Amino acid sequence: MAALSAWFWNERFWLPHNVTWADLADPAPGVEYPKAGHLFTALPLALGIFAVRILFERFIASTCARSLHIQPGVGRRAQPNAVLEKVFTSITKNPDSRHLDGLSKQLDWEVRKVQRWFRHRRNQDKPSTHTKFCESMWRFTFYLCIFTYGFRFLWQYPWMWDTRHCWYGYPYQVMTPGLYRYYVTELAFYWSLMFSQFTDIKRKDFKIMFIHHLATVGLISFSYVNNMTRVGSLVMCVHDASDFLLEAAKLANYAKYQRLCDSLFIMFSVAFFITRLVIYPVWVLNSTMFESWAIVGPYPSWWLFNFLLLVLQVLHIIWFYLIARIAVKAMLRGKVCNDVRSDIESSSGEESNTPIEGPKASFHTPKGENGTNGHCASAKARGLNHSSG
């Protein structure tokens with residue numbers, strides 16, 4: 001284990017040339033540098049955040065949903081049938097014509113009755129609008145609070161206004177209590193998202209969002225360990241800037257406020273484009289790839305850090321493509337407010353429900369996250385992804 005630890009924490013990989021772990025081990029009194037052990041605080045905090053989420057959704061979000069006439073409950077349940085249930089759970093949830101014919105003869109039912117049973121059974125497993133509203137309200141609340149905290153925190157520090165300060169004096173940069181709280185809270189939240197993703201609403205972009213959460217946890221942890229926390233705080237703030245607008249759009253959709261949903265989606269789309277496809281590459285990537293090269297110089301972990309940041313940029317491009325598709329369909333059809341991230345949100349890969357005609361329409365699924373997370377637009381869109389963030 002000692003040999004494995006020595007290999008993993010190799011100074012030649014983690015630190016710039018002529019810097020050792022010993023140089024960072026004993027700072028001056030009152031000075032604290034980041035240490036890997038600090039990150040273990042995020043694990044119990046992630047459990048605490050998950051517990052707070054359960055209480056928030058049950059007592060606050062649920063109350064808000066009911067006040068907007070979004071009631072809990074499921075739709076029409078499928079008639080109990082042992083034969084069909086066995087086929088549904090162990091063979092297929094979408095039987096083809098051969099299966100339908102065989103089941104029709106076995107049960108002496110009409111084919112249409114068998115099809116109807118499977119349709120009702122699939123819908124029975126879909127989350128209700130009430131459940132999706134509560135999930136989105138929790139994410140909206142967290143994203144808004146953490147963005148507000150991060151923006152106010154960064155406002156008073158010079159590296160927000162001149163990114164070269166992210167690298168001056170590196171790696172001998174002090175970890176302040178405010179920056180530590182910001183980092184550990186973000187890390188704990190994404191740990192909680194990674195685990196709760198398996199119990200939350202299943203969306204079509206499940207794999208993309210899992211990669212996103214994994215890359216995010218890796219980036220936050222990685223940047224903390226080698227004290228790239230200044231530029232890391234900028235990355236987190238840029239990503240949080242648009243996520244709460246997406247969740248707000250989904251909340252408006254579930255409450256059937258179409259015009260508000262469309263307006264929030266437009267605001268989200270603009271904010272996403274500016275923060276993820278303009279500010280992030282021009283401001284953040286430029287600093288991590290070029291300013292750091294000039295001030296500190298490259299070393300092995302520097303290459304890996306920038307590779308992970310580029311992975312996030314690729315995901316940004318994929319998500320914006322999905323958003324643009326929804327926006328185009330909104331302009332061409334202008335009828336339904338659908339969720340990008342999983343139709344963009346279509347749960348568990350099922351077909352979208354038939355949209356409601358008229359001035360109000362149904363948001364087909366929420367975030368993604370993903371994430372990323374879901375995107376809303378006035379469009380009758382099908383087959384986009386889930387984020388979620």
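Backbone N, Cα and C define each Cβ position, glycine as well.
Keep in mind that this is a model prediction, so the values were computed, not measured.
Checked against TrEMBL, the range among 172-189, 208-225 recorded as transmembrane segment is 208-225. Here the DNA-binding region (86-129) has, by DSSP, the following mix of helix, strand and coil residues: 31 helix, 0 strand, 13 coil.
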